[in-house]
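Summarising the annotation, TrEMBL assigns domain 'C2H2-type' to 10-37, 38-65, 66-94, 97-124, 125-152, 153-180, 181-205.
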Amino acid sequence: MFHEGAKVKYQCQTCKKIYLSTSELNRHTRVHMGLKPYECTKCSQSFSQKNLLDNHMNSHEGLKGHLCDICGHSFSSKSNLGTHIRHIHSLEKKKPFECNVCGKCFSRKHHLENHVTTHSKSRSHQCSVCGITFTRFSQLQEHENVHTSLKRFKCSDCDKSFRTKRVLNVHKLLHLGLKPHQCAICKKCFTRHGGLQAHLKTHKM
C-alpha cells in the first residue's frame, strides 16, 4: 500500500501492478497463487474470478462457442477470439515488470533485475576521445565507432588519433601526467572533465 496524492493505492508484490482497492488486488493475487475457487457446474473448469466464470457459462448456453482460456470471455468466432488474445493479452503479457527507477518495462523478471543493476553500477568505462563514461565495456566499444571515421589529429607520443585539436590536447595531458580537474569535495584530480563529472556522482550516492 502507498499514497499517491490523495489516493491510496495497492501494489502487487509479484508483478508490481497497481490497484485502487484491496478487493481488486486480492482478485489479481489469485492469478499468481494459482487459486481458482469458481468452478463451472457443467464442465468442472475453474476460474480465479466470478466474472470469468460467468463469461465462461455463456459458452455452454450456445451464445458464444469460442472461449478465451486466459480470461474466460467467449466469442462467436475463432477469428474474434484470436483478435482478442492478440490485442488484449499480448499487451498484458509482453512487459509486466517495470523498473521503479526509470519506468522501463520488461517481459521477464530477470531482465528487470539485470537492468536495475545499471542504476547502481559506477560508469567506469570512459571514452578516450570525448570522456563520456559507460557502465558496460560493450557500450563503450559501440560508442567509439562514432569517432573512428573522424580522427584527423594524431598524437605524436602514441598511435591514437582524435577528431579535434582540443581533444588531442586533453589527451596529451595523460602523457605529461597532468590532472587539471580537481574535485572540490575530496581534492582528487582528473585529467579529463568527464572523469571529474563521473567521480562527483560517487559523492551523491
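Even glycines carry a Cβ here, placed using N, Cα and C.
Automatic prediction, not curation, is the source of TrEMBL annotations.
For the domain 'C2H2-type' (153-180), the list of distant contacts is 128-131, 147, 189-192: same-chain residues at least six beyond its ends, Cβ to Cβ under 8 Å. As a whole-number mean, the pLDDT of the domain 'C2H2-type' (66-94) in this prediction is 71.
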